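Asks: Would you mind keeping the following structure in view while I ask a few things?
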Amino acid sequence: MSYTAESELVVDNTSTAERLASAVVGLGLVTFVFSLVGVTQVVTAETTILGISLYDFLAGGLLLMGVGTVSLGIGSRTGVFNTSPDATPGAVTAALFGLGAFALAGLVASQSLGLGTVGWLLGATLVGGVTFAGVALAPEDIGSTLPPGVAAIGVAVAILAGIITPAFAWEPEGFSATLTGSMAIPLLLAASTLVTMWGGAKAYEGYGSKGRQTAAYLLVGINAVSIIAVLVALLLFIASKGIGPAFEGFSLVPFEWPFVTNGYSFRPEVVNGVFPAIMGTIWLVIGAVITGVPVAVAAAIFLTEYAEQGRFVGAVEIATNGLWSTPSVVYGLFGYAFLIPRLGGTTSLISGMLVLGFMLMPLCLITSREAIKAVPDEYRDASAALGVSRWETIRSVVLPAAMPGILTGVILGVGRIAGETAPILLVMAGGLRDDAPNVLGSFEFISSPPFVANDALLESAPALPYQLYATITAGVSAENAAAFGWATAFVLLVVVLSFYALGIASRLYFRRRLNA
Amino acid sequence: MTELPLFDLETRLGRLSDVDRDIGSLAAGGAGCLFATFVLFVLNSTLAVIPLIGFLAVTGYGWYAHQAETARALTFLATASTILILGLITVYVFVEALPVLQRMGVRLFGFTEPVEVFGVTLIPSVESYWSTSQHVYSLIPMIWGTFVTTLIATAIAAPLGIAAALFLAEIAPPLVRETVKPGVEILAGIPSIVYGYLGFVVLNTFLYENLEMANLGSLFLVGLVIGLMALPTVVSVADDALTSVPDAMRDGAVAMGLTEWQTMKSITLPAALSGVSAAVLLGIGRAVGETMAATVILGHSQVLPDPLQDVFDNTETLTSLIASQYGNANGLHMNALFTAGVVLFVTVLVLSIAARRIELRMDRKLGGGQ
């Protein structure tokens, strides 16, 4: 009789604890999201929810979370909830809580109580040390719920009681910035919520190694989601600012898209556009692909098909990695010192093409080499068994098989160089212009060496990333300049990210086909 | 002429026939022409085009008559060109920096106070850090700026990036992973000038108003933006390192009764540590070399922040120094900018070699264990 009854009781109690813990975590997620948005000042103290000001509302949530977490811990210790805690929460947890207590106590002592350096240091060390020792010696359920719970209650009370208000200002000594209340409150709320949620998640699984796993997964998951949310928000922000001006005067029938088909004319009645910059970027990419890609693919063939691992290959690998990681501005300096004096003496389109080609070369070399390596040896063996010579095998078996991988590398590399600004800055320049570079129409034969001349290649041309930079240096305060900049940024983003999306999609496609 | 040994394989048959002699002279002619082109181009002579035509003619005939050998020689040339380009970059950046290196000596890293150890002056003082009128150039403020921004960026990108990679590689369900991973890789492609524009137009004023800063632009903001920029790269590379840990290692741990989180902490992460640290080093390299965000956000003053730890002050980084001053620089001033390039180049090269070493060790360790 007692066995069944007891078992039922246990199930019931566990679910109460679980429900309480889920409530803490759920409340925490909402509070965290609002606090994070609060940091960006999209919502501020003036925002009200259900007639309560935002910060008070969030602090109320945090207070509930704190009380919930503390009761979860005490309930587990007194045996009301059925849990399986370890002996201690572990030294790392204790040390982190100790540090947190040290920081909080230090701030309270120096800012609210106004103690001197010796005073706050002493007080903070004392509080931090006691917290560390207490958590390290306490059983796991108490040690991992009480400190966050108490801290949460403390923070919530401080906000609700008006000890920390939006008018609060802390100017750390030696820094020329002030931590204002409108920044400090959401940050404090977010941090406190995270720690309390961690305690709640631990309690949800009844502590122990499973509890630690759940709590860790929660934090790691929140981190991953936040990162992606921030980056996507950034893209959406740029799109929201840029789409408007970029589609000004847009019509489908008859097709008109002034921002993309016009130049920058400095005339108020015409929509200024980025057509020359788009053409410049296209020419840059074409030039860089012509210079960089054949050399890269040829080198990849030599390294995988002909060369034996040795000192030469080792040196080439070091050189490739060196080139791959050399900062783009150093490429720009190199172009400035080496190419410009030899190619007409001024910043020019062809210097930009060559420098970007040099940058593209190592990117493509590494990916092409991987792609050629990935071709199964059976292909080569089968071809050799048919009596086909080595070069014929490479040309008609290996290269076609590796082509998708090579192309993917080229597309990704092009995406990277199309957005590069620093090298162009030094070797090409070219600001806001009305006319696009006319490369094909400028070829001329002359009687003295080098026999071919092309003025369009030898003068600077605009390019999308540089145009964006030029917008900044020209001053965004000018009328419509900021809108023009956002639209340029949007177009640049679309161009570069489409290259990336295309490259990644093709890689996924061919990888899947290879595995199938 | 150096290409000749390459044809050993073909000559191994021992038939030193006319064909072989033909190939040998072709190789010599092609190499000679190419060498002449290179020398004439370096000497800045338009005559370089004549041996270039010769080279193209030799290659064209070679391709027609002896395709296999020509292809092999051309691929060798392409391979050697990687070393040549790195060599050219090294030589030209160093040569341009030389006048200022000679003029300043160790004072290139000088402070306004002499650096003394036990009364021995190691680095004499400079009158001012960066004076184009007196031609006094010390890189210390810029090195400090680069160091601080890199530190802040790493402090953001490394822990958050590794944690997100852990989520993607180990925790997320396959469907989430397969959609999010390509997304992260696409996000890694956002050009730095776009971040710079965002920082310049929005974030600069935001921080200025909300942190009541004394000036627009700060090392703190640059570090923050670069950290955000480096995040997708770190996530993506660290994820690759984590997924390359063989499943057998994880299975063993789970069979011993460890939870998944314990397996991650004590098996997967340590096994992938070298790959993950290579990812972080890569991110650091990117942060050191990042130019545009720093250039448009910072206010460009070539002094150390006062006090030193004030990351909200406006100074300069090595990259933004070059990008903001090249336009009105000439003579010694321009040479001084090249010294900043030298410091950048050497730093990133060391980082890249370190990352490569670590990666190789990882390959050996994981490959050898199977």
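Backbone N, Cα and C atoms are what each Cβ position is placed from, and that goes for glycine too.
In case it's useful when we look at the structure, here is the feature table from TrEMBL:
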- A:278-503: domain 'ABC transmembrane type-1' (DOMAIN)
- A:20-43: transmembrane segment (TRANSMEM)
- A:49-75: transmembrane segment (TRANSMEM)
- A:87-108: transmembrane segment (TRANSMEM)
- A:120-138: transmembrane segment (TRANSMEM)
- A:150-170: transmembrane segment (TRANSMEM)
- A:182-204: transmembrane segment (TRANSMEM)
- A:216-239: transmembrane segment (TRANSMEM)
- A:274-303: transmembrane segment (TRANSMEM)
- A:315-339: transmembrane segment (TRANSMEM)
- A:345-366: transmembrane segment (TRANSMEM)
- A:397-418: transmembrane segment (TRANSMEM)
- A:483-510: transmembrane segment (TRANSMEM)
Asks: At a C-beta cut-off of under 8 Å, are there same-chain residues at least 6 beyond the transmembrane segment (A:216-239) that contact it? List them, or none.
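Replies: Distant contacts of the transmembrane segment (A:216-239): 25, 29, 32, 36, 194, 197-198, 201, 486, 489-490, 493.
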Asks: For the transmembrane segment (A:20-43), could you work out the same-chain residues 6 or more beyond its ends whose Cβ comes under 8 Å from its Cβ atoms?
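Replies: Beyond its ends, the transmembrane segment (A:20-43) has Cβ neighbours at 54-55, 58, 61-62, 64-65, 68-69, 71-72, 182-183, 185-187, 189-190, 193-194, 196-197, 199-201, 203-204, 218, 222, 226.
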Asks: Can the transmembrane segment (A:483-510) be said to touch the transmembrane segment (A:274-303) if we require at least 3 CB pairs below 8 Å and skip pairs under 6 apart in sequence?
Replies: yes
Asks: With a cut-off of 8 Å between Cβ atoms, can you find at least three pairs linking the transmembrane segment (A:49-75) to the transmembrane segment (A:274-303)? Only pairs 6 or more residues apart in sequence count.
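Replies: They are not in contact.
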Asks: For the transmembrane segment (A:150-170), which recorded stretch in the set A:87-108, A:120-138, A:182-204, A:274-303, A:397-418 gives the largest number of Cβ pairs separated by under 8 Å?
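Replies: Answer is A:182-204, with the largest number of Cβ pairs below 8 Å.
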Asks: Considering pairs 6 or more residues apart, do the transmembrane segment (A:397-418) and the transmembrane segment (A:120-138) have at least three CB pairs under 8 Å?
Replies: no
